[in-house]
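Accompanying notes for the structure given below.
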Amino acid sequence: MAGTGSAQGGIGGLMPEGRIYFAYGSNMLGERLLRRCPSARALGPAVLEDHALDFAKPGRDGSGKATIWATPGARVFGVLFSLEPGDCDLLDGFEGRGKGYDRVEDCVVRPMAGGAPVTAFTYMAPPAFRASGLLPFDWYHALIIAGARQNGLPEEYIARLEGIAALADPQAGRAARCEALDILSSQATEACLQARPRTP
């Protein structure tokens with residue numbers, strides 16, 4: 001049923017339980033989302049047509065946070081996740097639903113693996129909560145790029161993400177920054193271990 005974000009019906013032959021969430025920002029990185037929503041299970045990359053990504057949503061820390069807005073001809077790539085209903089409520093809290101982001105229930109995206117379009121929920125800053133001239137902090141920017149690479153988003157799109165200017169966080173001890181660096185460090189360590197030659 002359109003607008004429910006239901007995972008019933010599956011993606012690419014899968015039959016996930018719960019609801020489908022379309023992540024396009026820092027939550028694309030699996031380690032990041034799992035810390036917030038333990039039930040999160042990646043279903044694969046997807047694309048949202050006629051929308052663009054920017055950082056016009058003001059964060060509580062004064063930096064720009066990722067959001068999307070309707071833009072004919074543009075595309076936003078992201079990742080689909082299955083979440084249990086209780087985790088959807090948790091995610092609302094992390095995302096600040098009603099305090100800068102609205103939850104959009106009828107986000108129709110196309111899985112990159114092919115198949116029928118999927119209705120998911122996602123988050124978007126409404127016009128009243130958008131501001132111009134904002135930039136993301138470098139650690140937040142790095143989470144987004146890491147998530148894009150982890151999930152195999154198109155290289156051209158990743159290059160565009162990498163080209164976005166970012167700011168150094170003036171508060172080195174900020175809790176969100178420390179958590180992000182811990183996640184990024186863990187991910188880099190895992191990647192090195194996977195790439196290490198194995199002894200026959």
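Cβ from N, Cα, C; glycine included.
Heads up, TrEMBL stuff is auto-annotated, nobody curated it.
Within 10 Å of the C-beta of GLU95 (active site, proton acceptor) there are 20 other C-beta atoms, taking all protein chains into account. Annotation note: GLU95 (active site, proton acceptor) sits in a helical segment as assigned by DSSP. Residues annotated as active site, proton acceptor in TrEMBL: GLU95.
Summarising the environment of PHE22 (substrate binding site), the number of other Cβ atoms within 10 Å of its Cβ, over all protein chains shown, is 27. According to TrEMBL, the substrate binding site annotation covers TYR21, PHE22, ALA23, TYR24, GLY25, SER26, TYR140.
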Distance from TYR24 (substrate binding site) back to GLU95 (active site, proton acceptor), taken between C-alpha atoms, in Å: 13
Distance in Å spanning the most remote Cα pair of TYR21, PHE22, ALA23, TYR24, GLY25, SER26, TYR140, given for substrate: 20
Other CB atoms, at most 10 A from the CB of TYR24 (substrate binding site): 27
Which of TYR21, TYR140, the listed binding-site residues, has fewest other Cβ atoms within 10 Å: TYR140
